[in-house]
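Going by TrEMBL, these are the annotated features:
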TRANSMEM  12-33  transmembrane segment
TRANSMEM  329-349  transmembrane segment
DOMAIN    362-434  domain 'PAS'
DOMAIN    526-749  domain 'Histidine kinase'
DOMAIN    900-1023  domain 'Response regulatory'
MOD_RES   D953  4-aspartylphosphate
Amino acid sequence: MRSLGAAYFNKNVIPISGLIILCGIVAIIYLGIMHTLEKQITTDKIENLTWLNANTYEKLKKSLEESQNKLLFLHSTPPVSGLSRSILHNDVDPLDGTSTAQWKTRLTTIFTAFLQSNPEIRQIRFIGKANNGKELVRVEKNANRLVVTPNELLQEKGNTDYFLAVSTLKNNEVYVSDITLNREYGVLDNPMWPAIRVAKPVFDENFNFFGLVIINIDASALIETIQQDFAQTDFELYLINSDGYFIIAPKSSLLFGFDLNRPDATWHALTNDAQLPLFDDYAKVSFNKQDTLVFGSQLILSRYQDRALFIVSGISKSNIAQLIDRQRIFVILLLGLLLGIVVLVIYLYQRYVNNLISLYDDQSQYEAIITGSSDAIIRIDSKGNILDWNESATYLFNLNKINTKDTKFFDIIMLHDNHEVISETIFSDIIANNTSVSMELETKSELSESKLLNVNLSPVKPKNAAIKPSVSALIRDISESRRNQQKIIALNESLERQVQERTKQLEAATAQAMAANNTKSAFVANISHEIRTPLNGIGGMLELLSREKLSDKQQSFISMAKNSVSTLGVLINDLLDMTKIESGKLNIEKAPFNLIETVSVVVSTMYLKASEKGLTLLLDCTQVKHETIISDSYRLKQILVNLLGNAIKFTEKGAITVSLKTTTHPENDDMVLLDISVTDTGIGISQANLLKLFRPFTQADNAIEKQFGGTGLGLSISKQLAKLLGGDINVTSEFNEGSTFSLIIEAEADSSIEAKYTGSILSGRQCCLVMPEQKEAELVMKQLQAWGAKVTNFSKTDELYRIENAELPDILIVDYDKIDAHFADWQLTNSADKKCKLLLVTQITDNNISIAENENCIHITRPILPLDLLTSYKLLRHPNLKLDPIGLSQDNQDQPHRYSLLIVDDNEINRFVAQGLLEKFPIDVFTAVNGLEALEYLKSVKDDRQLDLILMDCQMPIMDGFEATKSIRQGKAGQHATNIPIIAMTAGAMSGDKDSCIQAGMNDFISKPLDVELFEQKVMQWLEKDTNTSKSKKT
């Protein structure tokens, strides 16, 4: 059977060929039309170009001829020749006795009247040869006023180009200058204006050169007139002098390059040294990297000096191409319309022809389909007799071996036991009802196994009523398909049983793993508690011991022991955090906090560690646009401490810079993108080891682990914390060059709190730095400038001494290590000027500083933080401003008050440590060993004024802290004790411990081992708060 694609091609071969030929004809017509159009458009443009150029030439020529005629008129006036005669005869004209002064007056009158009647002339002069070409008469326009220059202001022009040129001319020759910007006294006029100078020599009675008459003409109106012809056209006009400089050009930046010192603004520079188009012909040049068609003509100014004006008119080829493109679109549309009409006619004709062909093809196609079908197809009459069949039916039923005449359909099917499914009248019923029937039949055979057949019976009713209707039987052997289907069902059932068994095994394994993980978490929490409790005792005892009078050696031992305890605490916290992260129990507690203050605390804390290695630690906050954000400040500080700790560990020299940057989230204006970068100058990391950095318990390589030590947990925990905060940590590094770790997280913006460290805080203030350390000085200067200050940096104090007292800055920041012996005296001398405030930058180790703090001087200890700079300056400007200490308020210091406090802890050492830390405060301390004993003590207290605060351990025998707190809040220790503040003091550190304390009724939470500063701060904060509350109740 022929393929449908081949048949379709045969049907359409003639019209397709015709269409291709037609398209070729249209393409040839298109190319011919476009060639003609391009030639015509180009010819028209050249003609227009030629006419405009000739018109411009005539206007310039006519204007110059008129200017020469006006000059000749002035030259022919009697005062010109009379003045030459009188000067040569002792200031008296021998012809009529007129004096030189009289001739000058008459000539001035003529010049003045001529200027009034000729607005384009700006200046008329009569210049003599004597006295180095000194002007004899000069009249000019200045701001629309006629000005006669007095004798004392007349200038010598003997060295000017035009004087020297005119002095060589003959009597009948006229000098015409180039068009240049006018200069007076050697300086360009402001506003600038183009000038043409026309001059004619004056000869005395002996035909010797006496001087010249010269007029300065303002060429602005002339330039504007000739430019108007090119306005609103595609053409461009260039007026060029003999040196190739532009007098007229489309771009103002090209004009008068010879006067404005623009050596690149020349024809030769912009056309790659192309020749100027002359002799009334056009040329093609590349002007300013753009192909241009130009036409040129030459207007001679001086045949003796080879000076001329070149009039060049041009049009870019891109403009011509645009015109051609517009015509091309029209031609394409027109030809496309014609082609579309022809194609439509061909299509309709072809459709008619195809319909005729299809009528003859249908029957042969159907026969081919039936013959080539893999299914057996048999045609049957209404009585069940076989009429014809295809090759597949021959193969399936062996029809070619039997006499098919009057053979019944049921004879070849040989039904097994389901013959009752088919009735004798089924074929006549199908024809009568015009319906189709589908069924599955099992056949029997003595020679082979039985077959399962799928039989579809459909009516066949010809349109020709003379042909009797019949039935088409479509028969397919589905025996093998059914056997495969049964195998697949059995296999699926087997797989489903295996999946169910495997699922049960996985569920059991998952439950076992979760139980093991919970057991591990509980074990880590318990071990953490058991380690923290004695660790709190060790740390507390060391803190109490350090407060005693000890030798320097003993203090050194104590310091080393405290550092070891701190290191052990960090390791425990890292392991605990890792366990929380793995179990998904680490909570993020978001709250508003000041970003600059939070990061400054971390930098200040880490500075001592950095300074011990001789490193500079810097903080850059200049790109912070959002001071207060909402996130977890504790976790943010934890990440930053890890990053800074690593930077300090792996950096031997140089500086470490912490940079803060906040930007508004591109998709949500209420969110902030926070970027904290820690950049060091350390050993760096090779690209091969970058991927290892964030794996738990992994260092970049074994050599680093051996040299620097460490658990390898810090970066892994930091990265996980960053992800919990909605961000990530990225790193860029070069081996032996340094590294930059960038923490980028999303946070909520909080604009309700006023910014304290950003904005134009120091607007208009003058600042001066004496800080030789370049990076540190640059960062301080950058911060001050961000606050709006004007900053100057000196490398030595010697430069300060040159500053006058009246020019002293508002703020003077000086590095104490770099001052010389004279600085103290200089500062003392200038301290009387209270305007200048001194901020002296010192080291933590600096002792016996020679310059004491006073109302004009304050010490700033490194690191130099923005908040320290601002606070110190405010204290200097407002000496009476005092900051309250962390613990007691000013009121409480003025009126000392004794507090009472109950410590509840089953560990005697912990009770002793807490008591010892509070000895320096006005506090009476009571103790209890468990919750039950605490309740009994509270019952003995008469009212809440006898006890101000309770420090409650959580895990204790008999009654733990949670149960004791609930009992106190429920009034079981007396109503007077229900509102006493309770601070949890526990070694528990798993996620939820703090929440459990708050839910039990406690007011605050302190973890062990105790942070001494935080412990004292919280205790005094709650004591003071409770005291103020009691006072307000009394009031």
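Cβ coordinates are placed from backbone N, Cα and C, and glycine is handled just like the others.
For the domain 'Response regulatory' (900-1023), the mean pLDDT of the prediction comes to 87.
Listed by sequence, the residues of this chain that lie at least six past the ends of the transmembrane segment (329-349) yet keep a Cβ under 8 A from its Cβ atoms are 15, 18-19, 22-23, 26, 29-30, 33-34, 37. Taken residue by residue, the domain 'Response regulatory' (900-1023) breaks down under DSSP into 55 helix, 24 strand, 45 coil. The C-beta environment of the residue listed as '4-aspartylphosphate', restricted to residues of the same chain at least 6 apart in sequence and closer than 8 Å, consists of V904, D905, D906, N907, N910, G961, M985, T986.
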